[in-house]
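Enquirer: Structure provided below as structure tokens; questions to follow.
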Amino acid sequence: MDKFARSFYSRVTLGLVVFQAAAVIACESVFFYYLSSRLATYRSNKGQGLPVYFAIFLASQIFQVLLVGDAIRMQNTIQIIGFFGFNMCSFIYSCLQIIQIHDAIIANNVESDADWWIICKAMLILVVIMIGICQIFYAWLSFRLYQEFGWKIYKKIGADLQKRRMYRDYHICLMLVKLDLFFFMGFCIQLLALTFDTYNAEYGFTIAALPVSLLTIMLAAYALKREKRKTMLVVFAGFLAASIYFIAKLFIIWAPRNQEKYQFTKKYLTAFAVLALMAVIVTITISIRCYRNFGRGLKPYLMQENPNVEMMQPGRSRMVLEEEDDDDEFTGSASPNSTRPFNPRPANVLSMQL
């Protein structure tokens, strides 16, 4: 743990994310138990997708823990910012959940003062409040980690602004690719749960989209790090196809003929599809920038990338391995027992961070 999250702010951030995930999963589990045992719509075809949405929402909390853990391990400022945005999406999704379930409750003529519904409503509101409060703390913690990790990146890449911009674009794209994976998988799984006719062409198309999207994501991560131009062209084609797919699905979801089919799941699917489409469009934009950066000297830094290694600067003939106290390094003060020289942070490093 000391090497994984050595700084105070890293440990607090990781601890808070784990707490949020555990609390949300507990509240949603209580809510899901009452809903599945009391609400008739849950057991009907129109409500068949509801448990899938709960599962995906819970999976998003676990995904956030992994996202933050990976960001802290790699000391990645961009991924911390991406997590902050992802948690905001979780907050919006939790608010949307109340509206969607309320519609199902009205459709089933459930009395508003029913004991089980009062408990369910309390759990849903508690989830919104918890995520909202945690989001406020994440804003402050993200800023502190941005400063701390930015100093590390300054030491690795140095003062070369061009390489810093290329390094920033690479990590933005890599973070977006990870988010794309979650949105792609989540959306396809939701559609499969709502496709009752397994012999329908739409069902087969959605099944085929799962491995294709996964392959596209894997190729993107591979091509970005190793600067494979031909592979990136295949990735661009895959992302373009994904954009067309999400747009087509939005039209299908809102088509009048599918009004009954998506009666209680339309808002969920629309929110997921819009977020996925936005993520894909931004990913394509940043990927093009990364593609243009191929061959400009960033690849050696990426191939040797390690959170505990200070990368070779131009003109250096060796790599420096460090085992240091992150807090001391960040504040510019040396530990009383340290034998290494005082190495204050440059005054202009904030303006040079990613």
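Note that Cβ sites are derived from N, Cα and C of the backbone, with glycine treated the same way.
Pulled these features from TrEMBL for this protein:
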COMPBIAS  332-341  compositional bias 'Polar residues'
REGION    322-354  region 'Disordered'
TRANSMEM  12-35  transmembrane segment
TRANSMEM  50-68  transmembrane segment
TRANSMEM  80-101  transmembrane segment
TRANSMEM  116-141  transmembrane segment
TRANSMEM  172-193  transmembrane segment
TRANSMEM  205-224  transmembrane segment
TRANSMEM  231-256  transmembrane segment
TRANSMEM  268-291  transmembrane segment
Enquirer: Excluding the flanking five residues on each side, which residues at least 6 beyond the ends of the transmembrane segment (12-35) place their CB within less than 8 Å of a CB in that stretch?
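Expert: Distal contacts: 5, 42, 50-51, 54, 57-58, 61-62, 64-65, 68-69, 72, 80, 83, 101, 116-117, 119-120, 123-124, 126-127, 130-131, 134, 137-138, 141-142, 145.
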Enquirer: Hey, which of 80-101, 172-193, 205-224, 231-256, 268-291 has the most Cβ-Cβ pairs under 8 Å against the transmembrane segment (116-141)?
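Expert: It is 80-101, which has the most Cβ pairs under 8 Å.
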Enquirer: Report, as numbers and ranges, which residues of the same chain sit near the transmembrane segment (50-68): CB under 8 Å and 6 or more residues beyond its ends.
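Expert: Here the qualifying positions are 13-14, 17-18, 20-21, 24-25, 28, 31-32, 35-36, 41-42, 79-80, 82-83, 86-87, 90, 93-94, 97, 104, 178, 182, 186, 189-190, 193, 264-265, 268.
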Enquirer: Out of 80-101, 205-224, 231-256, 268-291, which stretch has the largest tally of CB pairs under 8 angstroms to the transmembrane segment (172-193)?
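Expert: Comparing 80-101, 205-224, 231-256, 268-291 against the transmembrane segment (172-193), the winner is 268-291.
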